[in-house]
Amino acid sequence: MLRDGALVAFPTETVYGLGADATSGRAVARVFAAKGRPAFNPLIVHVAGADQVAALAVMDATARDLAARFWPGPLTLVLPLREGHGLSPLVTAGLDTVAIRVPAAPLARDLLQRVGRPVAAPSANPSGRVSATRAAHVMDGLGDRVDAVLDGGPCGVGLESTILRTAPLALLRAGGLAVEEIEAALGRSLPRDMTPGKVQAPGQLSSHYAPARPLRMGVTSRDRQAVLIGFGPVSGDLSLSESGDVIEAAARLFDLLHLADSLAAEKGADRIDVAPVPETGLGRAINDRLRRAAAPRDMPQP
Ligand code: TXA
Ligand code: MG
């Protein structure tokens with residue numbers, strides 16, 4: 001189906017992706033339409049192995065080290081495009097770099113190997129809304145705008161990949177690979193490049209990952225008007241992790257945001273409250289997603 005230009009959602013260890021043949025302008029255009037995604041926001045290209053990157057992009061020594069250490073896995077590298085790459089220019093939104101990742105989830109690897117082409121895949125959710133970590137989330141959010149969904153069960157990591165640019169080195173998006181792990185591997189600290197006005201990563205639109213209802217962070221007590229998502233000692237209607245484990249919390253985050261919306265509808269609550277989450281390890285990426293989910297909405301709500 002992918003080779004014929006269809007949109008096929010598939011599970012990676014981070015989140016479900018909405019896949020399309022990255023060499024087909026028509027297929028990639030359908031991805032933007034299905035998500036309602038602005039065309040200036042480029043897509044991540046997924047390949048089965050690091051050996052498939054050479055045809056698409058240029059890897060310097062740092063990129064090669066990071067790939068050897070963390071691929072397959074929840075890391076995306078932004079690399080200079082190679083001449084004759086064959087990708088649709090829509091994928092990169094006309095930039096001279098491309099974001100590439102090699103996912104670890106067996107179903108994704110198997111699919112990519114069989115397709116034998118680079119697959120462009122943003123997270124499989126309507127633009128600006130909560131990402132999908134289960135096949136049912138994809139069906140709920142995109143419905144018949146997707147031609148097929150491969151159901152691989154819930155995603156193990158649960159947060160989008162960490163995005164790094166290697167030349168010059170910068171963190172563009174905190175994600176499923178902890179910054180501490182990358183810094184330990186590189187033996188140096190990671191500069192962040194969040195230059196406003198430049199296309200960086202989803203952070204460019206401050207409202208993102210948004211549930212239907214407004215969200216508040218750092219809440220420690222219950223309120224009848226809200227559904228409380230707890231963490232550690234703060235118990236709520238739902239809990240990210242009763243033991244206060246940020247890895248477990250990452251895996252549950254998007255699922256609980258989806259659930260909190262339906263629970264709020266049942267209870268007649270008009271807000272989602274979330275307990276404080278520490279800013280360490282994956283907690284950094286969790287708080288990044290929550291801050292954007294809590295941000296004033298810069299798009300029309302459904
Ligand atoms: O875990 C993930 O990364 C998931 C799974 C499906 O792979 N994908 C994902 O895609 O999160 P998406 O489209 O929701 O977020 C990718 C972000 C985009 O918002 C975009 O701004 C950034 O990656 N990006 C893509 N190409 C880029 C480039 N050349 N330079 C800078 N940022 C780029
Ligand atoms: Mg996304």
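The backbone N, Cα and C atoms fix where each Cβ goes, and this holds for glycine too.
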(message) The L-threonine site in TrEMBL lists Thr14, His46, Ala121, Ser161. Which one of Arg64, Arg69, Arg101 belongs there according to the record?
(response) Arg101
(message) Give me the sequence-ordered set of same-chain residues, not including Thr14, His46, Arg101, Ala121, Ser161, with a C-beta within 8 angstroms of the centroid of the L-threonine site's C-beta atoms.
(response) Thr12, Gly17, Ile44, Pro74, Thr76, Pro103, Ala108, Glu160
(message) Out of Arg37, Thr97, Ser131, Tyr209, which binding-site residues have CB atoms lying under 6 Å from ligand 1?
(response) Thr97
(message) Can you go through the binding-site residues Arg37, Arg101, Ser123, Ser161, Arg173 and pick out those with a C-beta less than 6 angstroms from ligand 2?
(response) Ser123
(request) Summarise the model's confidence over the domain 'YrdC-like' (1-177) as a mean pLDDT value. (result) 97
(message) Restricting to the record's L-threonine-binding residues (Thr14, His46, Arg101, Ala121, Ser161), give me the longest CA-CA distance in Å as a whole number.
(response) 13
